[in-house]
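Participant: For reference, TrEMBL lists these features for the protein:
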type    : residues                   : note
BINDING : 72, 73, 74, 85, 89, 90, 91 : substrate binding site
DOMAIN  : 21-151                     : domain 'dUTPase-like'
Ligand SMILES: O=c1ccn([C@H]2C[C@H](O)[C@@H](COP(=O)(O)OP(=O)(O)OP(=O)(O)O)O2)c(=O)[nH]1
């Protein structure tokens, strides 16, 4: 697709995911490919319960890339179901099955069915740090301010 970097990624469909589609992008410009639940029996996720849900695929990312497992906003907004470790990290050297750690933060039990789109996977480049230890860091306008130091009200001089 024009304007979007595309890379070929090797993927193996595991036996229990044979009939399921490979991760797919819902729209032409979607950043995340939807991951499907490769489960034989429905899973009922009670309030505050979490489970590693199998996706039926293993992937081999090129070195220098990672894949991020992110929640689907629809599941989060409607049911409180999200990814416990979001964004989960798939390393380039990982060859096991991609798993999604889903947690139900809602008040009602949530039923996961086979083939349900449970999360999305974003492929991204990453760097590796080479640490260069120094005695002190350069000065900036922010300095050590963080954790709400700039206040919460946008476009006003009010500071929290
Ligand atoms: O949501 C996730 C997170 C991780 N993984 C797989 C791929 C990743 O490459 C591997 C290790 O993940 P991570 O580094 O987050 O796990 P860890 O808790 O640090 O364990 P490890 O000691 O295995 O690295 O587990 C998943 O399938 N789903």
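Placement of Cβ uses the backbone N, Cα and C atoms for every residue, glycine included.
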Participant: For residue 74 (substrate binding site), name the DSSP secondary structure in the helix/strand/coil scheme.
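Facilitator: In three-state terms, residue 74 (substrate binding site) counts as helix.
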Participant: Which binding-site residues out of 72, 73, 74, 90, 91 lie by ligand 1, going by a Cβ under 6 Å?
Facilitator: 90, 91
Participant: According to DSSP, which of helix, strand or coil covers residue 85 (substrate binding site)?
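Facilitator: Looking at the DSSP assignment, residue 85 (substrate binding site) belongs to neither helix nor strand, so coil.
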Participant: Please average pLDDT over the domain 'dUTPase-like' (21-151) for the predicted structure.
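Facilitator: Here the predicted model's pLDDT, averaged over the domain 'dUTPase-like' (21-151), is 98.
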Participant: Neighbour count, 10 Å Cβ-Cβ cut-off, for residue 85 (substrate binding site): what number do you get?
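Facilitator: Its Cβ has 12 other Cβ atoms within 10 Å.
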Participant: Could you tally the C-beta atoms, other than its own, that fall within 10 angstroms of the C-beta of residue 90 (substrate binding site)?
Facilitator: 20
Participant: Identify, in sequence order, the residues in the chain of residue 91 (substrate binding site) that are 6 or more apart from it along the sequence and have a CB within less than 8 Å of its CB; answer 'none' if there are none.
Facilitator: 61, 66
